[in-house]
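Comments concern the structure below.
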Amino acid sequence: MPNIMLTRIDNRLIHGQVATQWNSSIGANLILVANNKVANDKMRQGLMDMAAPNGVATRYFTLEKTINIIEKAADRQKIFIICETPEDVLTLVEGGVPIDKVNIGNMHMSEGKRQVATSVAVDDADVEAFKKLQEKGVELEIRRVPSMAAEDVSKLFH
């Protein structure tokens with residue numbers, strides 16, 4: 001079974017907050033960005049590689065490749081999965097990726113979304129994905145950085 005340290009939803013994917021605070025908090029040695037667009041965007045990958053901590057490997061896989069390859073992870077790999085949306089996390093879970101907890105970090109405001117927490121804005125599709133994740137036994141937490149207290153996840157469903 002893969003050693004998944006944390007799965008995070010963050011629409012900025014790898015950036016300073018993720019690289020320094022989250023990664024050092026969980027001790028991952030591999031950051032896996034599961035995102036269909038970024039998997040084929042070498043420029044974005046290069047920019048994110050610059051933000052990644054020294055000594056931490058990065059991988060940029062499509063959702064399908066993540067589902068197909070995650071079971072082949074070595075025991076020594078301490079994996080930090082980052083997805084852009086709750087729908088992407090749900091796709092991974094439904095595909096058999098053993099995710100038991102999801103950290104909801106940055107989901108920025110955009111058209112059709114409503115602000116429900118400091119750094120989280122959702123639309124109906126997001127809410128539906130979060131409900132399905134909970135139904136599948138996945139624990140949800142809203143927390144921007146490790147030093148902050150988690151916010152009440154019931155905010156997601158109002």
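Glycine residues also receive a Cβ, built from the backbone N, Cα and C atoms like all the rest.
Cβ neighbours within 10 Å of HIS15 (active site, pros-phosphohistidine intermediate), excluding its own Cβ and spanning all shown chains: 16. According to TrEMBL, the active site, pros-phosphohistidine intermediate annotation covers HIS15.
For the domain 'PTS EIIB type-4' (1-158), the model's pLDDT averages out at 95. Per TrEMBL, the feature domain 'PTS EIIB type-4' maps to 1-158.
The secondary structure of HIS15 (active site, pros-phosphohistidine intermediate), as reduced to three states from DSSP, is coil rather than helix or strand. Taken from TrEMBL, the feature phosphohistidine covers HIS15.
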